[in-house]
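**Q** Next up is a structure, given as structure tokens.
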There are 2 protein chains.
Amino acid sequence: MPHTTASIINQCRESGLRRTKALELLIDTLLSSPRPMTLAELSEHKNLNTQCDRATVFRLLQRLTDKAVVRRLGLHERAAYFTLLLEGRHQDFLICSECGKIEPIKAPCPVHALEREIASSTGFTELYHELEFFGICPACSK
Amino acid sequence: MPHTTASIINQCRESGLRRTKALELLIDTLLSSPRPMTLAELSEHKNLNTQCDRATVFRLLQRLTDKAVVRRLGLHERAAYFTLLLEGRHQDFLICSECGKIEPIKAPCPVHALEREIASSTGFTELYHELEFFGICPACSK
DNA sequence: ATACCTGCAAAGTCTTTGCCTTAGG
DNA sequence: CCTAAGGCAAAGACTTTGCAGGTAT
């Protein structure tokens, strides 16, 4: 079952959001990106820049984060990153401290067992994790 | 061999930093904290607030990060967190999405093997990682 | 009709820098 | 002495909000 703009919009509608042009464009844009994007990247993206205000994108991302349709990530930058929360598609990242390039890691994430253990030992609920590797990429280390 | 203010200051001196009052106070404060601290927390801390300007603390943290004496962490907040980089003392964190409380995780970190694998398969150097668990803590979930 | 959304503009929050003075080695 | 470090104040970067008008349902 592929993730489509339509199916995600439906999910939003079911959470009580209205179907607006901005929502559609935003979902489209996020879906087309292989990696998380910042608010600035999103609102300057060709899909969105003439279509809606940055504040609108901001508030949309806020609502979508509340509804667990997108996730907000730190990634160590000044700006926050956003990515669609697609079922069964957890991603960890490898980031160059020098040039800032972000790439998803292919290897399976080794943290899920610990996550369950922490959930039961601490009583935290709705647990998830964020794992990032930082280092100097080959291009920058020259 | 315990980590002391004196030993860390020596490390700084060896990296070319001068021994100043502000440096001493900052190291002291970081050393006394069980968890990472923000610039604001540091510069408002009773040790520092009357002793030196926030810009000074900022620039010190910058230099110390360069010299790998402290590490700058994301932790998903608006503000950056700083912690001493003590030999053999890697920490992962558990953070409440609701109240923001940050606690170090006791369990051994399961990521080091993957880290080595990534280093060799991607050619990244000076690799390190940051692992955070987010969820709702027992107090907030009531 | 009526909540919800949007755009615009302004205000916040945290970080970063310039410039001149102070002090470590 | 000479250069790194500090203080003060101002500028940046990114986020967040108030308000008036627009729109999905």
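Here the Cβ of each residue, glycine as well, is placed from N, Cα and C on the backbone.
Note that TrEMBL annotation is computational and uncurated.
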**Q** For the Fe cation site that TrEMBL describes with A:His90, A:Asp92, which of these is also annotated: A:His76, A:His129?
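**A** Of A:His76, A:His129, A:His129 joins A:His90, A:Asp92 in the Fe cation site that TrEMBL records.
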**Q** Of all the binding-site residues given, A:His90, A:His129, which has the fewest Cβ neighbours within 10 Å once its own Cβ is left out?
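**A** Candidates: the binding-site residues A:His90, A:His129. Fewest Cβ atoms within 10 Å: A:His90.
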**Q** Give the distance between the Cα atoms of A:Cys99 (Zn(2+) binding site) and A:Asp92 (Fe cation binding site), rounded to the nearest whole Å.
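**A** Between the Cα atoms of A:Cys99 (Zn(2+) binding site) and A:Asp92 (Fe cation binding site), the distance comes to 18 Å.
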**Q** Nearest to A:Cys140 (Zn(2+) binding site) by Cα, among A:His90, A:Asp92, A:His129 (binding-site residues)?
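**A** Result: the closest of the binding-site residues to A:Cys140 (Zn(2+) binding site) is A:Asp92.
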